[in-house]
């Protein structure tokens, strides 16, 4: 009677121990889970994960489409590569657009920081997320297409030649291009990308309709690839090119991925310069010429509201007789009950 009766006393000894260990594990894990949830709710952590996941998705679709073109003649084409990267970007924007802005591109992140639109302390967080996502996507495509890569290349992982497979992961300069022409090409193409991105997202201009930005940006990538992608593969993105190149270096392609025509640094440096120049061109030639939203209708309504109580007061005691009076421009009284029209015109100008 004096002993305490619990559910554990009716269980076998082993089950009672399991019950107690389960309760203890719950007590231990609960603070850990709470701490993990608190960490995951931090702004920079969420932005890091958003850039990581969006870049991963973009690169899996993009590199997968390149693998189809290189490894299987029936399954891929240059158009499919552009569609793969374009709609990969669309999915990435849907995934991270409201969290980190879905940059997925170190050049865009650099430009936003350089223009003061984002703090520089976030720059390494974004870059790390993008690079890790791109690297992991390269590893994923390598694992998925490993047997096809080995069969196509005959077991020899090469960077150049008829059975080269390194181009699945990174861009390489074709024979008809010189190094500096390729550099200029990447600057111009990335500048056009940034220029159009500002136009698509500029709420003071004529942006894409709400909810369609991701699709419009994806179409932009497809159009750039179809029209300007032949010369250099339109990397336009250090996060798209450098991590996969490093993956191929450690996965068996060797140092040649960095030595082939000394191209490796161009997709890293040129997009940074191109994106910044594209942003400056938009802000100078387009952004500075966009007037503020016209407020003439709103202000004119205010003026009408001000005039409504004035008119009855002036006409509350109308004269019983009306005598014609001739008023010359010289002695015309200056009555300003309403702001002049020029004020509303100035609102449109500014």
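The backbone N, Cα and C atoms fix where each Cβ goes, glycine too.
According to TrEMBL, the protein carries these features:
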COMPBIAS  318-329  compositional bias 'Low complexity'
REGION    316-336  region 'Disordered'
TRANSMEM  48-71  transmembrane segment
TRANSMEM  77-96  transmembrane segment
TRANSMEM  125-149  transmembrane segment
TRANSMEM  180-200  transmembrane segment
TRANSMEM  212-230  transmembrane segment
TRANSMEM  264-285  transmembrane segment
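Counting only same-chain residues 6+ beyond the ends of the transmembrane segment (77-96), those with a CB under 8 A from a CB of the stretch are 50-51, 53-55, 57-62, 64-66, 68-69, 102, 104, 213-215, 217-222, 225-226, 229. A Cβ distance under 8 Å defines the sequence-distant neighbours of the transmembrane segment (264-285), meaning residues of its chain 6+ beyond its ends; these are 105-108, 110-111, 114-115, 170-171, 173, 179, 182-184, 186-195, 198-199, 202, 232, 235-238, 240-242, 245, 257-258.
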